[in-house]
Amino acid sequence: MLGNHAEVDIRRTFAIISHPDAGKTTITEKVLLFGQAIQVAGTVKGRGSKQHAKSDWMEMEKDRGISITTSVMQFPYKDCLVNLLDTPGHEDFSEDTYRTLTAVDSCLMVIDAAKGVEDRTRKLMEVTRLRDTPIITFMNKCDRDIRDPMEVMDEVENELKIACAPITWPIGCGKSFKGVYHLHRDETILYQSGLGHMMQEVRIVKGLDNPELDKAIGSELAEQLREELELVIGASHEFELAAFLKGELTPVYFGTALGNFGVDHMLDGLTQWAPKPQPRQTEVREVTSLDSDFSGFIFKIQANMDPKHRDRVAFMRVVSGKYEKGMKMHHVRVGKDVRISDALTFVAGDREQVEEAYPGDIIGLHNHGTIQIGDTFTQGEKLKFTGIPNFAPEMFRRIRLKDPLKQKQLLKGLVQLAEEGAVQVFRPLDNNDLIVGAVGVLQFEVVVGRLKSEYNVEAIYEAINVSTARWVYCKDERKLEEFRRKCSVNLALDGGNNLTYIAPTMVNLNLSMERYPDVAFAKTREN
């Protein structure tokens, strides 16, 4: 067995971020293939296909062919042990995605090289900026007609404010895509189409001036490549590890995930350069991965991962020390010690009990309603990890039951889904309405679908006159009580019983903020 320090050194924990349809799920498949976690990559096919992608395991995801929940997968690659967190890339991803990014040490940004920087990528990059997360970039779909690679890199630099350092460079594109030149290894790796479902035997030509290169790709294309590379090397940044680790520079790889080409080059870079498990801040001190006592935080809760078991699993990022099966942990918020002997490890839907886990690893704890997002577990020290946020929703609906007798099941379902971070639920102080808030429209559909399939509750939405929500705080109890009394028509409790101001319009919110200067109206709430 390796010692704790060595176990930490070999771990890399990262998430994949992208715009919908940039090829994130396909890349996840291919990454797992290289890690030998799955033998035949289950490419994301049309809905009729039996071969569903391994990381899209929830029923709704299988139906739609999109990733709705965050899957967690661990696999070995060369001398490292990689923890990959797959995030929803679809239009309406939820806070789940934001919070997943608090549990990783680096990110892989997947860009469709035909389209360049897209809206969702911008939003996700903003989140990675909050913690200066190191970013590796994969320009995907080079086997299709793509934009000029230099132009796409310029767009990344200008729009995402991060310097680009090309590590590989594409040779041709679309039907004439011949492979990539690796700037650091001074070699050309040739592409063979039609082998996307398996590990390829690759042909490599050493050196840019090698006559073999002219034979392999044709002298015209070889000459064009040499000229292009002169320009590229002159006009782009060189890779600098320090700038990468600060989140200021991204190494760029080109390839095709569907054709299973270039993914291994990116994985080589990730395992070589991405940081090992990093320290995390608590309210009192920084905890490093080399601290000997165990600690970890909950960043996600997933209900009904296994319909046979009707269970809920809390996902924990291990920050320090070592988890051992049967160990006693202190659940800080609750103030109780718990013995954990059945923590889980995952490859998307396939679960097995974990014997031990180290910093950087993600483990699943069975949750019977006692664990919340943001909870800290230690070996006794009263710590609370910070930086795991709730965001004020941007869309609201009133939810109604088709069968009024199922109010109890509806409430239970909504509270559990809210604990997961899929949506937020608000209960107004002055009436019995239930208001659901979400970051995007898809979340509403997801909730109604899951209420029906997992809780046997049929519900419908109605429009409601709510523009935004803010969590309210006031140090002066008397002033808070007066505020509650006078504004009760606009106040509600969220799933965690936190007082929330539900504003019908922005004008109304601004007026209330002026009227009650001692009350803080917050857009985000620390868990």
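Cβ coordinates are placed from backbone N, Cα and C, and glycine is handled just like the others.
A strand conformation is recorded for SER18 (GTP binding site) in the three-state DSSP classification. Feature annotation from Swiss-Prot assigns GTP binding site to 18-25, 86-90, 140-143.
Annotation source Swiss-Prot lists domain 'tr-type G' at 9-278.
Within 10 Å of the Cβ of CYS142 (GTP binding site) there are 28 other Cβ atoms, across all protein chains. Ranking the binding-site residues SER18, ASP21, LYS24, THR87 by the number of CB atoms within 10 A of their own CB puts LYS24 at the top.
In the three-state DSSP reading, THR87 (GTP binding site) counts as coil.
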